C-alpha cells in the first residue's frame, strides 16, 4: 500500500487541500496579529459564519452567489466588530483580547444555533466541479482540486500585493514598526481596518469553500480554531511566509500522520508544536527578524 | 504582594459560613450544585495563583484537572489503590506534568505563553481521547469516593460529600495563600512585575515559574479527583481547552489576582449557569456578553470592583497601602 505511487499522490493532494484551507484562515489571523498585535480567537467563528452564509445563500442564489457574497457578509460583520470591540481593545494586552474574543465565540456559537439550528447543514458541490478527475493514476474529486487552486491563487495575489504594491509596502512597514510608519504619514488606523476586514473576508471565503466538503455545524468554528492557531504559532506570528509554512507543515503532518502513524496521530502535531516552541519560541519564520 | 485585607477575610468568612449553612439545609439538587461550585473554586484558585499573581495565563488547567481525574480513576479502579493513595498519586502526577509544562513554557511570555499552554493542554486531551486505556470518547466510570466510615462519615451521601468538597476548597485556599506568602510566592509576583530584575538578583527564573506552576497543577489535579468522585464518571471533555477557557472566565468575573475573587466568581458562575439554563438553552451567549462587558469595563471582576471601591472610599494613606498590597 505505502509503496504504491497512487497512495502518495492521493495523500499529498489531501494534505495540500487541508493546508490551503488552513492557509486561507491563518493568513488573515496572522497578518492581523502582526500588524495590530491583536489575538482574535473568534476568527474561527467568522469562518463558521462564512460557511453558514454560503449554505443559506446557495439555496437562493446558487453556489456561486454564496461563494461571492459570504466573504462580503463576513467582512461586514468584521467591520462591525472592529468598531465596537476590536479598536478599543487593541492596546489592552493579550489577556483582555483573548477573553473578549473568547466571549465572542460563546455568543457566536449560540447565535448560529439560534438562527440556523443545531443540525448540520450540507450544500452541494457546484455543477462545474462535480465528479472526479484522473490524475497520475488516482482519481480525485475536482472540487478538492479547486480548493487547492483557490488557496494557491489567494497566496499569489497576497504575495503580489504585499511585495509589489504601495499598500503592501505600507502594511509591511506597519508590521515592522507601526509608530514609525505613522510618523512617515501612513494612516495606520485605516490600514488596520483594511487588513482586519480583508482577514475576515478570507475567513469567510474559507468557510464558503469548506461548506460543501465539511458539514456546517455550530461548533465548526471552534474545531478549526486550534489547528489555525497551531499553524500561526509554528509559522511565526505575523508573517505571510510563516502562514504558508505552518499550513503546509500542519496539513502534511496531519494527513500523513493519520495514515502512517494512526496511534500517535493527534499527539504528533502537538508534539511538533511543543518542539517548535522550545527551540524557536517565535515560530519558524517570524515577521520580525 | 498577597495580603489578607479585612475585606478579603470578611468575604472568606461569609463564604465559609454561607456554604456550610447551605450544606445543612439544601436538598439533593442544591447539594450537587454546592459540590460543583467547590470543585470549580479549587480549579480557579489554582489558576489565579499562576495567572493572577505570576502573569502566567494558562489555557491548560482544564487538562491538568482532567489528568488528575483520569489518574485517580485509573489508579483506584485498575491498580486497586485506596481512594486516598490514588488521590495523592493523581495530585503528584498533575504536579509533575505541570512542572514540565511550566519549565518548557518558562521562556515564553504573553500570547506565546497562552498558545504554548494551549498546545500542551490539547496534547493531553488528544492523548486521552485516543488512548484505549482511558476509554476514549466513552470516558471512564466508577471512580470511588473515599471511605471515611471509620470516623462515621459516609461520603456517598451528597451532604457529606458537599461538606468534604468545601473542606477541600479551604485546604486549597490555605495552600495557595501559603505559597504566595512564601519566598516562592514573592518571587512569582516579582517575576510578573519585572523578570529582568529578578534574574539580575540571581533567581533561577525557569525553576521558580515551573515550581509555582507545579503547585497550581497539583491543586488542579485535586479538583480533578473531586470531579471524578462527584459525578463518578469522567470523559475526555474534561481536558478540553474550553474548560480552561471557562476557568479563566470565572477568574476574570471574580477578580484576577485576588485569590478570594475567583471563589466569588465560581459561586456566581455556577448559580447563574443553573438559573439561566433553566430559562434559555443559550446560556453561553449570555456568559459571553457578560464576559465582554466585564473586560471592557476594565473593572477587575466583581470582587476586584468592590475592593477598588472600598479602597477609594478610605483615606489616602490607606489607599496607598491598599495599592501597595495589591
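Using N, Cα and C of the backbone, Cβ positions are placed for all residues, glycine too.
Whatever TrEMBL says is automated annotation, not expert-curated.
Cβ atoms under 8 Å from those of the transmembrane segment (A:20-39) belong to residues 47, 86, 89-90, 94, 97-98, 101, 147-148, 150-152, 154-155, 158, 171, 174-175, 178, 191-192, 195-196, 198-203, 205-206, 209-210, 224, 227-229, 231-232, 235, 237-240, 242-244, 246-247, 250-251, 287 of the same chain, restricted to positions at least 6 beyond its ends. What TrEMBL records for A:20-39 (among others) is transmembrane segment.
Taken from TrEMBL, the feature transmembrane segment applies to A:70-86 (among others).
Here TrEMBL flags A:98-116 (among others) as transmembrane segment. Beyond the transmembrane segment (A:98-116), the same-chain residues lying 6 or more positions past its ends with a Cβ under 8 Å from any Cβ of the stretch are 39-42, 44-45, 48-49, 52, 56, 81, 85, 89, 216, 218-219, 221-222, 225.
If you look up TrEMBL, you'll see A:142-162 (among others) marked as transmembrane segment. Outside the transmembrane segment (A:142-162), and at least 6 residues removed from its termini, the chain residues within Cβ reach (under 8 Å) are 13-14, 16-17, 19-21, 23-24, 27, 125-126, 129-133, 135, 168, 171-172, 202, 205, 209-210, 212-213, 240, 244.
Here the transmembrane segment (A:192-214) has Cβ contacts under 8 Å with residues 21, 24-25, 27-29, 31-32, 35-36, 38, 43-44, 46-55, 58, 63, 66-67, 70-75, 77-79, 81-82, 86-87, 90, 122-126, 143-144, 146-147, 150, 154, 167, 171, 174, 220 of the same chain, all six or more residues outside its ends. Among the features that TrEMBL reports, transmembrane segment is placed at A:192-214 (among others).
The feature transmembrane segment is assigned by TrEMBL to A:220-240 (among others).
Among residues of the same chain six or more beyond the transmembrane segment (A:252-279), those with a C-beta under 8 A of the stretch's C-beta atoms are 2, 11-12, 14-15, 18-19, 227, 230, 233-234. If you look up TrEMBL, you'll see A:252-279 (among others) marked as transmembrane segment.
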